[in-house]
Amino acid sequence: MFRLKTLPLLIFLHTQLANAFPVPEHLEEKNIKTAENYLRKFYNLPSNQFRSSRNATMVAEKLKEMQRFFSLAETGKLDAATMGIMEMPRCGVPDSGDFLLTPGSPKWTHTNLTYRIINHTPQLSRAEVKTAIEKAFHVWSVASPLTFTEILQGEADINIAFVSRDHGDNSPFDGPNGILAHAFQPGQGIGGDAHFDSEETWTQDSKNYNLFLVAAHEFGHSLGLSHSTDPGALMYPNYAYREPSTYSLPQDDINGIQTIYGPSDNPIQPTGPSTPKACDPHLRFDATTTLRGEIYFFKDKYFWRRHPQLRTVDLNFISLFWPFLPNGLQAAYEDFDRDLVFLFKGRQYWALSGYDLQQGYPRDISNYGFPRSVQAIDAAVSYNGKTYFFINNQCWRYDNQRRSMDPGYPKSIPSMFPGVNCRVDAVFLQDSFFLFFSGPQYFAFNFVSHRVTRVARSNLWLNCS
């Protein structure tokens, strides 16, 4: 029988934990416990290391392993970014080491697999559960030679059940908003089975946890896939909402399933979206903005967030932070006086206060005074009571106080910003500079000396050397 590894429960005094974890003294005991449990469940932290003189070193190494997996700064310390990842809802399968008690990399020896829905969640109708499960299997059948057939009785290859807490497989669930589900790799008995926490709120949309998305991830494990370090992959361990109606299996997952089972039987092989690479020399941003000291770089359905104090950069789905925003944002800027961030796509724009959407949005850019001939904004930045909008090779200037366009605009970009002789993809303000991004380059324009003082690669902002 195939089972997830589970480790004995560790019980320690607060002082012992504080010594074992290289963290600030003021860190709450709750955070230490969370980190301890996380490393045990997902990174195979053994209990006896806490009882030895090398415990602090072992914990630091496990923290670094976890930080490496999630592309965080490998500090070996329980910093804010690390704690943030640990608190995200996720899959219950470990990221490190085998989660089976059998050696090797099991796979199904037949391609016509069967599945059975043992029970249902009361939050969705039986038909809704059936549809979500079918769609989740379809994601994998399109990319591989595998087929999936539901059976209503008898022994299936993959059994699907909604269960809670301790449910007899040595991998108990933890209640709402923690571990969402888990699954077992191919094999007899429990092998291939997928369990969903019945205490979670399962939905068909962006609220709470979308059953289709979680099921598709878990079925990847049922077929033999492990977790991916690619934050855009379906097999990434943390939950992130993506629009189900337009969902396409990412290329990383296609590569993974075809490595195990070979290509699809279809004459035309499927291709999927790839996660943008920070150090791609051809990388160009869709939009950039600051937000209360942080810098955001948007690309397709993702954004990089740069922390000025930590000097770290992390990649996230737009939908993870703002499920109401579209992918492919085209412009953004921060209004420092109003403490708002405005984001644009096509003729629509949204306003955020921190991470919260303001009421009454989206609105049409005609509110700024743009004519119907303007169908999209390339970039925007606000400075000294004025907001500059960049559209093709022109710049429009908006008076934030009067809430109208300044007369005499638009003007050509080079006439206003000598040295910026290109279309502007994105821009933000830092110190006495406008940072203009065009293709894979950025131009640092000093608005005091009124000239470009530096031209360099855009991805230097993502810590690429």
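Residue numbers in this text run from 1 along the chain shown.
Cβ coordinates come from backbone N, Cα and C, glycine included.
According to Swiss-Prot, the features are:
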| type | residues | note |
| --- | --- | --- |
| SIGNAL | 1-20 | signal peptide |
| MOTIF | 89-96 | motif 'Cysteine switch' |
| BINDING | Cys91, His217, His221, His227 | Zn(2+) 2 binding site |
| BINDING | Asp157, Gly189, Gly191, Asp193 | Ca(2+) 1 binding site |
| REPEAT | 276-325 | repeat 'Hemopexin 1' |
| DISULFID | Cys279-Cys464 | disulfide bond |
| BINDING | Asp286, Asp378, Asp425 | Ca(2+) 3 binding site |
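Cβ atoms under 8 Å from those of the motif 'Cysteine switch' (89-96) belong to residues 4-5, 41-44, 65-66, 69, 171, 173, 177-183, 209, 214, 217-218, 221, 226-227, 237-239 of the same chain, restricted to positions at least 6 beyond its ends. The Zn(2+) 2 site is set by Cys91, His217, His221, His227; from the centre of their CB atoms, other residues of the chain with a CB within 8 Å are Val93, His182, Ala183, Glu218, Gly220, Leu225, Ser226, Met235, Pro237.
According to DSSP, the motif 'Cysteine switch' (89-96) comprises 0 helix, 2 strand, 6 coil. Looking only at the binding-site residues His217, His221, His227, the densest Cβ neighbourhood within 10 Å occurs at His217. The two recorded residues, His221 (Zn(2+) 2 binding site) and Asp425 (Ca(2+) 3 binding site), have Cα atoms 40 Å apart. The Cβ centroid of Asp286, Asp378, Asp425 marks the Ca(2+) 3 site; residues of that chain outside this set whose Cβ lies within 8 Å of it are Arg284, Phe285, Ala287, Gln330, Ala331, Ala379, Val424, Ala426, Phe437, given in sequence order. Residues of the repeat 'Hemopexin 1' (276-325) grouped by DSSP class, helix first, strand second and coil last, total 4 helix, 23 strand, 23 coil. Here the Cα atom of Asp286 (Ca(2+) 3 binding site) is found 44 Å from that of Gly191 (Ca(2+) 1 binding site).
Closest to Cys91 (Zn(2+) 2 binding site) by Cα-Cα distance, out of the recorded positions Asp157, Asp193, Asp425, Cys464, is Asp193. The CA atom of Asp378 (Ca(2+) 3 binding site) is located 23 Å away from the CA atom of Cys279 (disulfide bond).
Shown are the disulfide-bonded residues Cys279, Cys464; the one with the most C-beta atoms within 10 angstroms of its own C-beta is Cys464. Across the fold, the C-alpha of Gly191 (Ca(2+) 1 binding site) and the C-alpha of Cys464 (disulfide bond) stand 42 Å from each other. Summary for the binding-site residues Gly189, Gly191: the Cβ-based neighbour count within 10 Å is maximal at Gly191.
Separating the Cα atoms of His227 (Zn(2+) 2 binding site) and Asp425 (Ca(2+) 3 binding site) is a whole-number distance of 34 Å.
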